[in-house]
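Here Swiss-Prot flags CYS13-CYS117 as disulfide bond. Positions annotated as phosphothreonine by Swiss-Prot: THR113. Feature annotation from Swiss-Prot assigns motif 'Involved in PIP2 interaction' to 83-99.
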Amino acid sequence: MSWQTYVDEHLMCDIDGQGQQLAASAIVGHDGSVWAQSSSFPQFKPQEITGIMKDFEEPGHLAPTGLHLGGIKYMVIQGEAGAVIRGKKGSGGITIKKTGQALVFGIYEEPVTPGQCNMVVERLGDYLIDQGL
């Protein structure tokens, strides 16, 4: 299965059969290389991925400045140290799950809820971890 298939079928899927989906998603290597992304995923700067990776290594690193992706600032909210970073911006937000080799991104807007985004992103991330990726 190609990385793009994971994005198209597992991240940009119909959530709970409700006809809702994430606004954008991607799978990005720890080095910032894009493995696959939705057409709506923002163009990001390498230093933004560096900052995200640093927060996984040193939880709380992004809290004072916020999480930036594609020039958009998200307020960092409770995640799981070293495993999941969550951010909020207005009625939307972002979930990032770290696997052994990749970062799985999900960006949502209402009516998708934070919990739905977390479920979609973390489910794929956990699967990739189980596969040794």
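Numbering starts at 1 and runs along the chain as it is shown here.
Cβ atoms are placed via backbone N, Cα and C, with glycine included.
Neighbour counts of Cβ atoms within 10 Å were taken for the disulfide-bonded residues CYS13, CYS117; the minimum is at CYS13. According to DSSP, CYS117 (disulfide bond) sits within a helical segment. Counted within 10 Å of its Cβ, the other Cβ atoms near the residue listed as 'phosphothreonine' come to 14, all protein chains included. A distance of 14 Å separates the Cα atom of THR113 (phosphothreonine) from that of CYS13 (disulfide bond).
According to DSSP, CYS13 (disulfide bond) is assigned to coil rather than to any helix or strand.
The predicted model assigns the motif 'Involved in PIP2 interaction' (83-99) a mean pLDDT of 98. Sorting each residue of the motif 'Involved in PIP2 interaction' (83-99) by its DSSP state yields 0 helix, 13 strand, 4 coil.
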